[in-house]
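Annotated features in TrEMBL:
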type: TRANSMEM; residues: 32-51; note: transmembrane segment
type: TRANSMEM; residues: 63-81; note: transmembrane segment
type: TRANSMEM; residues: 101-121; note: transmembrane segment
type: TRANSMEM; residues: 142-167; note: transmembrane segment
type: TRANSMEM; residues: 202-228; note: transmembrane segment
type: TRANSMEM; residues: 249-269; note: transmembrane segment
type: TRANSMEM; residues: 275-298; note: transmembrane segment
type: TRANSMEM; residues: 319-342; note: transmembrane segment
type: TRANSMEM; residues: 348-369; note: transmembrane segment
Amino acid sequence: MFDLAALVQITANITVSMYVIYHRDTYSFEPWHVYVAYLLVLWICILTVIFGNKLLPYTQNAGMFFVIVGGIVTIIVLAAMPKQRASNYFVWGSFDENNLTGWQGGVAFLLGVLNGAFTVGTPDAITHMAEELPHPRRDLPIAIALQIGLGFLYAFCFAIALCYAITDLGILQGGINTYPLVDIYLQATADGEGNQNLGATFGLLFIIWCASMLCCIGTTLTNSRIYWALARDNAVPLSSLFSKVNERLSCPVPATLFVAIIATGIGAIPLGSEVAFLNLAGSFIILTTVSYAIPFAANVLTGRKHFPKGPFHLGNSGFVINILAVLFITLFDTFYCFPYALPTNAEIMNYNSVILAGVVVITMAWWVVHARRSYPGPKVMGLYVVHDDQVLHGAAPGGGQEAEGFGEKKGKE
């Protein structure tokens, strides 16, 4: 749920920034302003997931529209509108002189990859929705490939256009719980005399706000379904409660509300410590990638004999890809545990290694106490990996009347 909290926090910052654009002379920032926006964004998403199940496919289509079309519009505006632009040297050759982290250039670059690594959340969300796809063996790899391909193309073009639009880097280098993209947009849309175009800045922020808001809805949906699936398989405490599905709403309401309550608490952390929240948000990358590295490594160590072949099986080259994936995950997760800047102290230290160790200890303890005897493993693995063409659409919440079939099937079990 750390990824959900991070996305909602970003959306809340955008929301506050859209207000600040027209009130820069009178507005005084307070952290609780962002938290109020955080609560509004989070609970709008929760209510949408619970009561608007039939609308969810349309929200994701709208999200794709804002990402693709809105992204193209944003790149065109950033490329065409600035009256002053950064030099080629600034964009391509000034990394070392603008590196304020205290780390050498190579290490600083690897630490900065953490921001881009958050995109792992999108294919991760797609995989966790496998039980609501009619043909996951075929559709999931295609969806992940499209997301990564389009995401890379858009992000690369957007990053270049954004860098050339920066005319004052110093104004972007202060503050933690802020949204520096606002100042870049203000610089990009200013006229030749430096007068700010507030309407254009607001419009560019609105595009990102819409995409982020719809992304938060999708992430809320994914988190609620993950926790429901864990409860269905008796992998978490109070499984009998959190495995319930409201068939009228086609939604696992208890699991969704549990996600909401936990996310509400996580969102309050920046009120006491902004660094602590950054650590929790950053740990999402480490915890997620470690969870991928474990089956990759196990698959290689067992000779890739126990995982059924899918439509896109890579043959012997899969060994190399699995090994490289584990090595890259190990390398980057190690760097993600480094302090963000030097010199460091207890207040600004990176505690991701502590979070990782704590999660491992808690998970192992729960395995010994409960899961070793009571957790049977995913009940639908064989269905979706081997025989997805025979799976009923009602195998998971989200299908209206089809979800009732899930309820009847669950009752018989």
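Including glycine, each Cβ sits where the backbone N, Cα and C put it.
Just so you know, TrEMBL annotations are computer predictions that nobody has curated.
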>> Below 8 angstroms Cβ to Cβ, which residues of this chain, lying six or more residues outside the transmembrane segment (142-167), approach it?
In response: 67-68, 71, 74-75, 78-79, 82, 84-86, 90-91, 116, 119, 122-123, 126-127, 184-185, 187-188
>> Are there residues at least six beyond either end of the transmembrane segment (32-51) with Cβ under 8 Å to its Cβ atoms? List them, or say none.
In response: 8-9, 11-13, 15-16, 59, 177, 213, 216-217, 219-221, 224, 249, 251, 253, 256-257, 259-260, 263-264, 267-268, 270-271
> Among 63-81, 101-121, 249-269, 319-342, 348-369, which stretch has the highest count of C-beta pairs below 8 Å with the transmembrane segment (275-298)?
Replying inline: 319-342
> Excluding the flanking five residues on each side, which residues at least 6 beyond the ends of the transmembrane segment (63-81) place their CB within less than 8 Å of a CB in that stretch?
Replying inline: 150, 154, 157-158, 161-162, 164-165, 188-189, 200, 204, 207-208, 210-211, 214-215, 217-218
> List, by number or range, the same-chain residues at least 6 past the transmembrane segment (348-369) whose CB is under 8 A from its CB atoms?
Replying inline: 275-276, 279-280, 282-283, 286-287, 290, 333, 336-341, 375
> Hey, which bits of the same chain come close to the transmembrane segment (319-342), Cβ under 8 Å, at least six residues off its ends?
Replying inline: 100-103, 107, 110-111, 113-114, 117, 278, 282, 285-286, 289-290, 292-293, 296-297, 299-300, 304, 348-350, 352-353, 356
